[in-house]
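Peer 1: Before anything else, here's the structure in question.
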Amino acid sequence: MSEWQRTFVENLTVPPHSQRRRHLPRESTAFQCILKTVEGALINQRVLEGLSEVEYQLRLSLFDLTYRHFFGKTWKSILRRLKAVPGQPPRVVFNEPVYFHTSLTHPGVVVVAEVVAAAKKWDGTHQDLSCGFAIVHLFNSDPSMHLSLQFQILCDVSPHLESKYMTVMENSHLQYTLRPHLPLETVYHLLPENTLVSGMQRIPGLLPAHGETRKGYDFFQKPRLMKSVTWYLDKLSIHLYPSLDKFEEELLDLLSHDQLLKDSGALDGSVFVVQERRLHVGVHNGLCFVQPPQVVVLAPEAEVVRGPISTGHSVARISRKQHQDKTVGQALVLRSRIHLTEMVHHPAFGIAFQLEYVFSSPSGALSITSLATPTYMHSIRWAVWNPLLDSDSSEVILPLQGGTQHNPSHVLVYKMPPATMSSEEVREAMPQNASCGKLSISQLSASSRSPSVSRTSKPLSHRPGGSLLPQSPRTRQLELPYSGSGGITHLESDLSCSSPILDSSANDQLQELPFTPVHAPIVAMGTQTASTSTILTRASLARLHASGFPEILDCNKEPAEVVDLSDPVNVNPQREEADFLQSNEIILQFLAFSRIPQDGTATTWPKSIYFTFQFYRFPPVTTPRLHLAKMDPTGTAASATSSHILVQFNKDGTLNSGSPGLQLKYMVDPSFLKLGEQRWFIRYLADHTLQIDIWDGDSLLLVGSAAVQLKHLLRQGRAAVQVHHELEVITTEYEQDATVMSGEVLRHGTVKPIGVHAIVKGRLHLSLANVGHLCEQRLKKFSSLPPSRSRIISSLFSLHSHSAKNICQAQKLADVDSELAAMLFSRLREVSTTFQHTSREASAIRRRKLERMMSVRQLESQDSAGGRRGSLMGRHEERVQHARDLQIIDAYRERIKAESIANMLSQAITTSYTVYATLGSAEFFEFALKNPYNVQHTVTIEVDHPELSIIVDTREWKHFKELTKTVTPLEEDMFHLHDNLMPQVYLRPKETVHIPFKYQTFCIDQAVMIQVTRRQKERLSFKRLPVSFKASSGKPIAILSVNVEHQPHMVDQTFRFYHPELAFLKKSIRLPPWHTVPGAPAGVPGGEPEMHVRCSDPNIICETKKMGPGEPQDVFLKVAGGPSPQIKKFFVAIYTDTWLAVPIQMWQFYLHSLQRVDVSCVTGQLTHLSLVLRGTQAIRKVKAYSSHTQELKVDPEGVFILPPNSVQDLHISVRPQRAGSKFIYLNLVDVEYHQLVYSWLVCMSCRQPLISKAFEITIPAGGGKGSNKRITYTNPYPSRRMYFLHANRPDLLQFKEDSFEVLGGGETYTIGLRFAPSQSTGEEEILIYINDHEDKNEETFCVKVAYQ
């Protein structure tokens, strides 16, 4: 019996009463019941005569008082002996917790607790005797009863169970505690409802807490789940014997016969037919389904073979024995892959299969008013398979079960009909002791987190009396989708090589093929930088530089030296550090934008743009909107490229008449940089590129991105340098995921992706400059980073030197302790007076009036005797209050004396150290720990923060010491690790050792991304991480307080993705060769280093795989998108060292979640749909913008009013020009405030219409003259019709008339065509769409144009 079968049989439960189950299910409530003791005379001594070894047991069962029905499963405690203490009643101590959850929140649902005595008779047999029972009420009218129920009298009879045979056992009690237990809610998917389990019972899928190994541990107190893995099931097929047709034929006959028996033999003419075949697949842990089973539809193999066969994969053909041809098409196959995410590596976890048939009776005695055909669902077969038992198998065959035995779904299953009820053909074909059928699973593969399987399995064990069919020799097979055996190829694996026929021996193995992703890789654009060539003519360049841009001058008011981009850059860090002009003023000038016309499309260009980027660790920048002013208003430029100068807007929306362009400055001086950070900044300029995103200022759509190298900003001893760039603005369009194949190799060694198109939108004219200045004389010492030698922290000397003067001014105890101040009466009066003096200035006149009035009344009261007595009594009361305060102060000092002394002693052994950490970078330091005692000690190091860790691996320690050039002793096997506890180190008397620490964080804090002033930074609360070094006695001998100050990090590259909301984004980004990555080491021994990646968001799957020597490396991302319009931001760090010390690249990702709109359309045909607009809180003037204006039109097209809290429609019309899948972005923008109101992602799936006619034409190329042609169209309708003409290439073909009208009855119309000239030779296919009056496609002509 397998582990799953044992667990399943042991945990069978009785369901609640059928009437109770009819109620709607409610939220389940979790309980913890701690059974403590049972006291009193439990059993008559006369009954125990002749019995020995008497032990007692508690049994709990759920009971429904309303329906007098036991349900669930009876729980039994451990046998305990009776303890008798003189002078006290007998007692049995259990102290055992019981957990369960139920949704039957009814007062009639109770727990029955029974006390049972287990004894041994004189003949050695065992006997159980019931001692009594008690009723535990779960749901009462009093809510406080849920919190803690302590005592319950045995045989506490409920009014529902009153009987003359029940009596109350005097002085007998069951002591227990019953309370809700919220942590149990995390294991609802592993523990079925109404099942009582002990806290010491380990159910499949649970783990003990970290470090817990003791016996009797309570698993449900703080449950910890096992890690789940993902499994895939491919090529699933079901064979029913002797054949599918015969099995279903006899099944339908039996159903009809059963219907006749129910109707007493009345023939109503009803005929049953199979409407659908379903398969329920789910993960079962022996107790319940972990998640609701998936329901998939099976299809007969014969129907699938007749369907279309995909040719997008390379596969091997199937070779079979000749006698197997009869069974082709006699199986039920699954057309898709099953994805199971809740699988756990545990022997009790299994995958349950349940075959279900849906029958219908289209004929028969139905009601005249019946509108639907009645359907009937019946479970036919089931099976359970444990993948761990066949983890090395690629093909598994399971026997299907049927009959009255228990199954995971707890439903009635169709039994195997006996031979007497089978037809003669079935009896002849049925083998001896045949099972109910078999289920075949091929190519069951796990995800990357679990090992793949690759062996043909042996037949599984089966129940006595049943066996598998005789196994015929098999062949190694991997079939086409929807082919003879319903096989699905393993992604893009190629099995086209021939394979010899193998037998069914277990030694025959299939080799696992390399994994290839289904999503095309995106090439990192960090290498796509400025080009030395220009697209502007000399006249355009002259107009550009004469536009009046601000001149860049050095510190001597001289023009900065212009650097030629073609000259090599020799980086000398020593020369940069020795420069006396230590302040660097980085200037960015955005000058102009040149548009590049797109081939085959008429693009609507933006009228204004803005930029977003981030330089070094300065805050991210979003520039103001800039108007695009045409540089040549007369339009005399001969070039097809149009250039526009950038002009700023005034606050009122008019154009600024000052200098054109936009200039931004960054001052990088020693007051901004930390001590030692100048070298980082020099390396940043030498190795990195600046990523700039260009946005449409009106539609808020992304125009494209550009990248510029910063190495030309290194001055190398010069006063100032400037460089002019023409940057290609590139946008990336994604089509449907295509198969990744070996494609064209680019100049940088990367593979050209399939389905990803990079389009050059234009050129950005940008000037960069670096102007040197003399630094200020007074440097800010507080902003200096600690020197490198401070990586070694000594416990002998604190951060404050003992020789320094420590001056402290005495203060009142109530001034420094708020708790004491709250208890003192005089302090309250002082606080009240202080509050009065710190009131607002507006009440100063009123206070003066009140003071004068009080003075007058005091003078008046001095004249009266009563006033004098009142003054004396007031002074006496004040003295009493002062005496009382002194007593409070004295008592308070005595109470906090021990705590204060302990705090002072703790401060005496505490050493503080500040870490300046950045995202992804590991900060290494060592703590010199000294044993102050004359005896040896084993010191335990306690660190309670996941980002601060002790380096226990000697190889990692050595790596960080070499990286930081730390010269301290290195010891092998220094730490003692046992049972995942805190590390321990052995210290001899007065010995000092160096403890290595590493602080590294991958979580981003948005606060550190903002550059703050010095006063603001002083007010920030730093993160303090205490580290305790405790001796064997548990007393600390040293305390290290690590103060963490997060620093902004650099971003090397930015990726921006648009994806449908609430969907997973799966992308692959191809890394360039490691030696071309900025920041990579110059030389690595042993060849290429292995790259590693880490993500700032732990909920994002980010990994990289090495494909082989010399092969490119990809970074795989799987991101869960949120609701629209959420933007998810995260970072990915790339490392070349195993210990993830310093990232060589830091990538920033933006995932825009948009509302998805699916459109299925035909190219050239107009498709209409509507989007719902909901108004905001205020009235808005809005306009809709599309990223592809030629293919998607909106109505209303212009600016319209969106009333507040209103609902209206936005009509869109889609006319695609190319077949395939495509994404179009649609934004609704507030035109007054330039805010994004709504955003949609239109996912178009386009197919090409049928081509009715084809033509060929030859046109001379380069002549500058086009060609006029004519074609005829005949109206096929007898009536007059209006037609409209469209073309997929309006840049190459124009019509004489865009519409025409043809009379009916076969009239012919001549369509005039005008073909535009082409400067290059080649061939183009142009489609002509002839649409009707509703713009539906009537016919499509194809014209093949050859330019010669």
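Every residue, even glycine, has its Cβ placed from backbone N, Cα and C.
Pulled these from TrEMBL:
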COMPBIAS  443-457  compositional bias 'Low complexity'
DOMAIN    539-773  domain 'NPHP4 C2-like'
DOMAIN    840-908  domain 'NPHP4 SK-like'
DOMAIN    911-1048  domain 'NPHP4 Ig-like'
DOMAIN    1055-1152  domain 'NPHP4 Ig-like'
DOMAIN    1163-1247  domain 'NPHP4 Ig-like'
DOMAIN    1252-1348  domain 'NPHP4 Ig-like'
REGION    443-479  region 'Disordered'
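Map these features onto the structure and tell me what's around them.
Peer 2: Confidence for the domain 'NPHP4 Ig-like' (1055-1152), expressed as mean pLDDT, is 81.
Broken down with DSSP, the domain 'NPHP4 Ig-like' (1163-1247) shows 0 helix, 54 strand, 31 coil.
For the domain 'NPHP4 Ig-like' (1252-1348), the number of residues in each DSSP class (helix H, G, I; strand E, B; coil) is 0 helix, 58 strand, 39 coil.
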Peer 1: What is the three-state DSSP composition of the domain 'NPHP4 Ig-like' (911-1048), stated as helix, strand and coil residue counts?
Peer 2: 21 helix, 58 strand, 59 coil
Peer 1: Out of 539-773, 1163-1247, 1252-1348, what stretch is closest in contact terms to the domain 'NPHP4 Ig-like' (911-1048), meaning most Cβ pairs under 8 angstroms?
Peer 2: 539-773
